[in-house]
Structures are given as structure tokens and as C-alpha cells.
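These notes are about the structure you will find just below.
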């Protein structure tokens with residue numbers, strides 16, 4: 001499965017996605033934090049870069065591996081809270097959500113966070129819902145929570161949902177819960193403390209970026225419009241999974257819905273009839289998982305799955321609507337991990353333990369077709385496939401040809417030494433630099449804070465090139481790029497075909513060469 005999704009971009013993409021390029025360059029240097037995000041994904045990429053070099057394929061492989069790892073943890077969790085057949089069904093459904101495999105070729109902090117948050121919800125369920133919860137479950141909860149926070153600060157949304165569940169369920173009154181939470185918090189803080197210390201001492205970087213990302217703005221009408229747009233986007237990215245669920249519900253045997261409701265009632269009764277004040281948690285685990293003829297899921301588990309499956313989405317959409325914060329689709333990447341388990345637990349028609357062999361074959365066959373067609377089709381449509389239609393995408397940028405032109409321009413002006421540095425935006429300039437000599441450094445946006453690997457004074461001493469992409473909608477927008485371009489000694493421009501169709505959109509680049517300090521700097525016409 002990992003290779004199925006990771007290999008097509010290697011063959012069809014001419015340039016990696018923005019986030020993949022960014023991580024490859026951040027990975028040059030291990031830090032306790034980076035100017036936009038916590039460090040864990042960059043640490044992972046740093047290890048891989050040192051093993052294989054700054055190659056785009058390692059970003060695809062690492063991203064899909066994180067998604068597959070999250071599915072594995074979901075399967076481990078589903079085996080404990082669902083009947084075996086429904087556990088398999090839940091993982092198949094989860095694999096059909098675009099966030100969990102299809103979009104994991106984009107290696108970013110949201111993708112990596114899938115893995116620790118899947119473990120977080122699994123350990124949280126163990127700690128909250130199992131009567132035999134052990135110390136190691138609370139420790140595991142703390143470890144996964146700390147790793148999630150080391151990945152992206154948005155983990156606090158999932159922590160807030162857990163707090164709401166605790167208050168709604170009334171479990172906050174139990175002493176064992178408080179003891180466990182204290183242990184988990186201590187472990188989580190220990191895991192994340194080096195970065196948290198860094199964040200407090202560099203508050204103008206990651207924390208400032210996070211605060212700027214959630215600033216409220218916009219008229220009430222725009223807030224409602226954004227809510228509708230985001231809901232529509234999420235439905236689209238969950239559509240294959242939702243189609244399977246809808247078909248299973250529509251094609252369920254007559255009377256199966258009533259039987260499922262009866263089973264659910266049996267599970268609910270078993271969860272509330274113990275008289276212990278803690279619901280079905282007082283029942284032995286084996287009893288709780290087999291109430292209602294071996295198919296029902298207990299009330300406490302269904303309630304937990306509902307909070308985990310819908311809570312992050314509802315909480316964030318409510319916050320966006322109230323504050324007017326502009327949302328981005330990738331913010332929702334980790335919000336649907338538990339949703340397939342909830343669907344398998346409560347939706348009529350998904351009682352997989354009652355399915356015939358023919359229905360299982362149909363589901364698995366459809367899932368296999370989706371994954372094969374999806375992996376090839378997505379990479380083809382984003383990469384070389386668009387050339388036939390005159391469209392341009394990030395994946396179709398001819399970055400190798402751009403790199404050749406950049407190197408030729410430098411050699412024409414400074415033939416006695418290799419190009420030391422390229423100044424430009426993260427994606428366009430970075431994608432080109434990946435095709436140049438590994439010694440060439442990227443000065444992201446010409447800002448010191450974005451590229452701590454650039455030695456002070458290197459730009460003035462060694463020189464380099466500035467490249468600015470003017471092709472919309474992918475134009476370079478670094479605030480200092482124009483100023484850096486003005487510092488160069490020689491300026492010009494070039495164009496290259498972006499799409500294979502004649503007369504289609506071109507790569508339009510403005511460039512500037514800054515000569516090394518020991519060479520005379522005399523502006524000249526370089527057109």
C-alpha cells in the first residue's frame with residue numbers, strides 16, 4: 001500500500017509539492033523548532049536526507065508511511081473496541097478518506113501528525129473506557145500527546161475535545177482519571193519540553209506564525225460562506241468512504257436496521273445498568289465488546305467514538321464561524337481518524353459480522369480499484385498528465401529545465417566558480433535547487449529567520465542568484481525578494497514552456513546575479 005501511493009509521484013511529478021520542498025531544505029539543520037512549526041517532521045526528514053540525500057521520493061515515501069502507520073494504529077484500536085469484522089471494515093473505510101492515504105504524498109506537519117494522533121485516540125480510549133486501564137496506557141497517552149504537539153500546535157484541538165468528553169461524561173469526578181491525567185500530562189510535557197522552551201525563547205517565530213494563522217477577520221456573510229465551502233470540501237475529501245457507507249445502508253437486508261437498533265439498545269442497556277456510576281466501563285472488556293448477540297458496541301464506546309469522530313470538526317468550524325478566521329483545507333487532515341470506527345459501530349448496514357462473502361469481495365475489490373486508480377490518476381493529473389490539456393500545476397513545473405537555465409546564466413557571468421546560493425521562494429526556487437549541485441544553498445525569501453543555515457555575510461561575500469517566478473497563480477511572493485533582486489549586479493529574464501501544448505502558459509522568471517565580492521560590480525545589460 002505504501003509503495004502503491006508513494007511511487008506514482010516519483011514517475012509523474014516534475015516538481016514536488018511546496019511542503020515537500022520546504023521540509024527537504026529545513027532538514028539541512030536539526031533545531032528544537034522552526035520558524036513556522038514544531039520540529040518532529042523535520043527531524044524525521046533530516047534523518048532520511050542524511051541517509052538518501054535531498055531526494056523528493058523520500059518525502060513521498062515518508063508521508064505515505066505516516067498515513068499507513070496511522071491506519072495500523074486505528075486497526076489496533078478497532079480490534080479492541082469493535083467486533084473483528086467491523087474492525088477490518090473500519091480500516092478499509094479509513095483508507096478511502098483522502099486525508100489518510102491519497103493526500104499523504106504531501107509531506108507536511110498535518111500528514112505526520114496523523115500517526116501520533118491515531119495513537120493518542122487509541123490510548124485515550126483505553127484510559128477512559130477500559131476498566132482495566134493500566135499505567136502504561138496513561139504513559140502511552142502522554143507519549144503520543146507529546147509527539148502530536150511536537151508535530152503541530154493544532155494538537156490542542158484534539159486535547160480540547162478530550163476535555164469536553166471528560167466533562168460531558170462525568171468522569172472528571174473519578175480520582176483514577178485525575179491521577180492518570182496527571183501522569184499523562186507529565187510524560188507529554190517531558191516529551192515536548194525542549195521544543196516548548198525553544199518556542200518561549202523564540203516567540204517571534206513558531207508561536208507568532210501560529211497566532212497569525214488564526215487571526216479573525218471577515219464579514220458575517222463571508223463567515224457563513226466559508227463554513228459552507230469548508231463543509232463541502234470535507235465532504236468531497238471523504239466522498240469515497242461516504243459512498244461505501246451509503247451503499248451499505250441502502251443495500252442492507254430488510255429488517256437489518258431494526259436488528260441493529262435492537263443491538264445498540266442492548267449495548268446501551270449493558271452500559272448503564274451496572275449501577276456503578278461509570279457506565280459500561282464497570283463490565284469486563286470481553287462482555288462489553290460482545291453484548292447484543294456479539295455485534296453491538298457499548299454505549300460508552302459509541303459516545304467516545306462520536307466525540308473523537310465529530311468533535312474536532314465541530315469545534316474548529318464553530319471557532320472559525322465565531323472569529324472569522326480564514327480556514328485552509330489541510331487544517332482538517334487529522335480530524336477524521338475516528339470517524340470510520342464510529343460509522344462501523346452505529347450505521348445500519350455496516351454490521352460486517354453479518355455480511356456475506358460476496359459483499360466482502362465487492363467491498364475489497366472496490367477499495368482495491370480505488371487505491372490503484374486513485375494513486376495513478378492523482379499523480380498523473382497533478383504531474384505530466386496536465387501537459388496534454390494546456391493546464392499548469394505545481395507537479396508539472398519543469399524544474400529540471402529551470403535549474404539548467406539558472407546554472408547556465410551563472411556560468412556565463414562567473415565561469416570560474418560554481419553557483420553558491422539561490423535566493424527565491426520556497427517552492428519554485430527550492431524545486432530548481434534540488435536539481436543543482438548539492439553544495440548550492442537556498443536562501444528562502446532572502447530572510448535570515450527562514451534560512452538559519454545561511455552564514456552571516458555569505459550573500460555579500462560569495463554572491464549568488466535571485467530568481468522570481470512571475471507566472472500566476474504560482475508567482476513568488478516573498479516580501480524581500482524584490483529588494484534582494486535590486487541588490488544584484490546583473491538582471492534579466494527568461495521564459496520556458498510550462499505545458500506541452502503550443503501557446504499555453506509559460507514559466508516566466510526574472511533573475512539577478514550578484515557577483516562575488518572580489519569581482520568588480522558594474523551594472524550591465526544582461527537581457
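Backbone N, Cα and C define each Cβ position, glycine as well.
Feature annotation from TrEMBL assigns compositional bias 'Gly residues' to 266-278.
The feature domain 'Glycosyltransferase RgtA/B/C/D-like' is assigned by TrEMBL to 36-198. Taken together, the residues in the domain 'Glycosyltransferase RgtA/B/C/D-like' (36-198) have a mean pLDDT of 96 on the 0 to 100 scale.
If you look up TrEMBL, you'll see 260-290 marked as region 'Disordered'.
Sequence-distant contacts of the transmembrane segment (57-75), counting only residues of its own chain at least 6 positions beyond either end whose CB sits under 8 Å from a CB of the stretch, comprise 1-2, 5-7, 9-10, 16, 20, 23-24, 44-45, 48-49, 87-88, 90-91, 94-95, 100-101, 104-108, 111-112, 114-115, 117-119, 122, 337-338, 340-341. The transmembrane segment annotation in TrEMBL covers 57-75 (among others).
Per TrEMBL, transmembrane segment is recorded for 138-166 (among others). Under 8 Å from some Cβ of the transmembrane segment (138-166) lie the Cβ atoms of residues 37-41, 109-110, 112-113, 115-117, 119-124, 126-128, 172, 177, 180-181, 183-192, 195, 206, 210, 303-304, 307-308, 311-312, 315-316, 331, 334-335, all in the same chain and six or more residues away from its ends.
Here the transmembrane segment (178-200) has Cβ contacts under 8 Å with residues 31-33, 38-39, 127, 133, 135, 137-139, 141-143, 145-147, 149-150, 172, 206-207 of the same chain, all six or more residues outside its ends. The feature transmembrane segment is assigned by TrEMBL to 178-200 (among others).
Under the heading transmembrane segment, TrEMBL lists 231-251 (among others).
TrEMBL lists 304-324 (among others) with the feature transmembrane segment.
Among the features that TrEMBL reports, transmembrane segment is placed at 330-350 (among others). Within its own chain, the transmembrane segment (330-350) has Cβ neighbours under 8 Å at 70, 74, 77-78, 81-82, 86-87, 89-91, 93-94, 97, 99-100, 103, 106, 108, 110-111, 113-114, 117-118, 121, 154, 157-158, 230, 233-234, 237-238, 241, 245, 248-252, 256-257, 260-261, 264, 297, 301-302, 305-306, 308-310, 312-313, 316, counting only residues six or more beyond its boundaries.
Marked as transmembrane segment by TrEMBL: 362-381 (among others). Sequence-distant contacts of the transmembrane segment (362-381), counting only residues of its own chain at least 6 positions beyond either end whose CB sits under 8 Å from a CB of the stretch, comprise 1, 4-5, 7-9, 11-13, 89, 92, 95-96, 101-102, 105, 240, 244, 395.
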